[in-house]
Amino acid sequence: MNLAKKQKTLFFVNFKNINIYNILTLFMTPTVFIGLMVIQYFQQYMTVNELLMAISVGLLLGVLLRIEIHNQPNWYSQETITFSFLGSGMLLIMFAIQAIDIDLPIIFYMTPIAAFSILIKYFINERFALISSVMMAVFGSFLFIATDFGMWQLFIYLLLSQWFAVFMFESIKDRKTLLKTSTSLLSVHFVLIVIFELRTWSTWTMMSSDFILSLVFSMVSVLFAVILTLGILPLIEAGFNMLTESKLLSLSNPNHPLLRKVLVEAPGTYQHSVMVANLSESACESIGANGLLARVAAYYHDVGKALKPHMFIENQSGHNPHDSLPPEDSARIILQHPYDSAQLLKEYGLPQEIIDIAEQHHGTTLLKYFYYKAKERNSKVQESTFRYKGPIPQTKEAAIINICDSVEAAVRSKTQPTNEEIKQIVRSIINDRLMDGQFNDSDLTIHEVLTIEKNICDMLNGIFHARIEYPKDNMMHLMPGGH
Ligand SMILES: [Fe+2]
Ligand SMILES: [Fe+2]
């Protein structure tokens, strides 16, 4: 729902996520490019016309880049800094390579430009990696202008090298992917070099020193790209505290001390969180949101309950301490748990995105049970004292966890709900949240809400129908110990 989301913007700069420091870093790559072009002009490697063209291209691409960044979902300052750092770094590497030997045109085959697009894909996303690759290929073509290699050839080589790297590099989960990326990158480079050499094809071309040297340079570039990727990746990850796939995977390990604490002290909450994680990951993936982030955030969303586990129904067996408490006191304890979770997560150094989701997972919803219980005793009771403090979910992942959290709690008590019952529970929870304005800041569209609803229903139907009851008498003898 985009209805209530109006933020102050100036030249596409969203002040919510971007400060003056970010604006400066944002324009760093085009500025570095223009600076390097001016240096090349003074070194007399380019004409004044070429310099003016390069400056115009730099400015134009800078503006287009700004527009593209404006459309990026969940863009934080870390992404801006990472992009500027990688972009400027790659420009300086290319500048240094062409400076090695300006009279050797094929020196540009050594450029490890694939590392730039792999790292952008890893830290930002695939779409942005593909788009920024075009910019880097254009900048690279200008940087090697003095080498007398055809500009179109330079552009095609630099672009295809990056695009293949983006397509082949899938995930850091499996280190083999880097090997796969390198071999396919090497093949692409070889094919391009052969095509470029076809212009002057003759039997001896194959053996010419230029041709052999080109192949060697392209091999060096792939090796250089792999070393850069592996070397820079952990630096950025740690330096900017970025939430990456490998960090999320390490946080999903059940041996994490915080998850162990929940498992031991609040086993009911642990089970609930695992279930919410399964539902939200699948729902997120159905609309293209970050499923892994949702899974991990769901594991941690209720850790605050471990401070007072028996105050929460999923950890109670028989005795309910709320029976002997006034509803105001019960509400105070329960309403506090998202903030206790956030506090614990902060203490354990979890990423901000996970802390935010924990804080937002109940939005500003009303604790109906205790509100009506209090109202029975005192009709003047304030509704606001029975609402969570919020904020309401700020991202799609947070909104989905908000839905799945309530859905899980509602279906938990049912032993064998029908498909129709499941559908009704899910729909009424979603409608309730929509009417209450809980998703106003989450960027979800109506179409996405419907997709999420269907996905959750399908998941629950699958889970409940998979629970096939064993015929007791016949199965007894199969159990270990015979009973
Ligand atoms: Fe909760
Ligand atoms: Fe929960």
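We number each residue from 1, going along the chain as drawn.
Even glycines carry a Cβ here, placed using N, Cα and C.
So that you can see what the record holds, here are the features copied from TrEMBL:
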type	residues	note
TRANSMEM	20-39	transmembrane segment
TRANSMEM	51-69	transmembrane segment
TRANSMEM	81-100	transmembrane segment
TRANSMEM	106-123	transmembrane segment
TRANSMEM	181-199	transmembrane segment
TRANSMEM	211-236	transmembrane segment
DOMAIN	269-410	domain 'HD'
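Beyond its flanks by at least six residues, the transmembrane segment (81-100) meets 22, 25-26, 28-29, 32-33, 36, 39, 69, 107-108, 110-113, 115-116, 119-120, 123-124, 132, 135-136, 139-140, 143-144, 146-147, 232, 236, 240, 242 of its own chain at Cβ-Cβ distances under 8 Å. For the transmembrane segment (106-123), the neighbouring stretch richest in Cβ pairs under 8 Å, chosen from 20-39, 51-69, 211-236, is 211-236.
Shown for the domain 'HD' (269-410): DSSP residue counts in helix, strand and coil, namely 101 helix, 2 strand, 39 coil. Averaged across the domain 'HD' (269-410), pLDDT in this predicted model comes to 93.
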